[in-house]
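Pulled from Swiss-Prot:
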- Gly52, Glu53, Ser54, Arg108, Ile136, Arg137: L-glutamine binding site (BINDING)
- Cys81: active site, nucleophile (ACT_SITE)
- His172: active site, charge relay system (ACT_SITE)
- Glu174: active site, charge relay system (ACT_SITE)
Amino acid sequence: MADYSRYTVGVLALQGAVTEHISQIESLGAKAIAVKQVEQLNQLDALVLPGGESTAMRRLMEANGLFERLKTFDKPILGTCAGLILLADEIIGGEQVHLAKMAIKVQRNAFGRQIDSFQTPLTVSGLDKPFPAVFIRAPYITEVGENVEVLAEWQGNVVLAKQGHFFACAFHPELTNDNRIMALLLAQL
């Protein structure tokens, strides 16, 4: 395993499974911090945008002065569920685009309501065995730009993609005991 002990990875701590993301980061040997203030972004080598509700997360980012700084943050980012929506440059249904860091078009709540949540083994490019993907009111990617690499699909829908050092993940890897998706982010450091 690579040595990530000299790196600090932040988890945007406005909504979502912040503690679970921090545990996965620490399980790989990196330092993890909950990010609530814009000044904390300067300490980071990478960032996780967790799940939650994307419109509410944007309002909270704006209220905390984080939104404009996150638009220019150019270090590795993993966006999970609502974090994927924050990274997209187009959102079906007219929702305002947020950080627009990836050339992807997304459909919010594409897998249904909370009651429709599920876990499934998912084949992920670069991983030696299926990943136990947890989908909760998950979005999916309907279109990708030419510089976007599709890493996983579920039933013909893109659910994990990479553009440069940005990762958009429709499912919740932090809700499993499998840290391989987080390791993909840390491998960018």
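Using the three backbone atoms N, Cα and C, a Cβ is placed for every residue, glycine included.
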CB neighbours within 10 A of Gly52 (L-glutamine binding site), counting all protein chains shown, number 21
Which active-site residues sit within 10 Å of Gly52 (L-glutamine binding site) - Cα, from Cys81, His172, Glu174: Cys81
Between the Cα atoms of Glu53 (L-glutamine binding site) and Cys81 (active site, nucleophile), what distance do you get, rounded to the nearest Å? 9
Using the recorded L-glutamine site (Gly52, Glu53, Ser54, Arg108, Ile136, Arg137) as reference, state which further residues of the same chain have their Cβ within 8 Å of the centre of those residues' Cβ atoms, listed in sequence order. Gly51, Cys81, Ala82, Ile85, Asn109, Pro139
For Arg108 (L-glutamine binding site), just count the other CB atoms lying within 10 A of its CB, please. 20
Judged by other C-beta atoms within 10 Å of its C-beta, the most isolated of the recorded positions Arg137, His172 is Arg137
Max pairwise CA distance, angstrom, over record-listed L-glutamine binders Gly52, Glu53, Ser54, Arg108, Ile136, Arg137: 14
Checking the contact step here: among the binding-site residues Ser54, Arg108, Ile136, which have a Cα within 10 Å of the Cα of His172 (active site, charge relay system)? Ile136
Ile136 (L-glutamine binding site) and Cys81 (active site, nucleophile), compared by Cα position, are separated in whole Å by 8
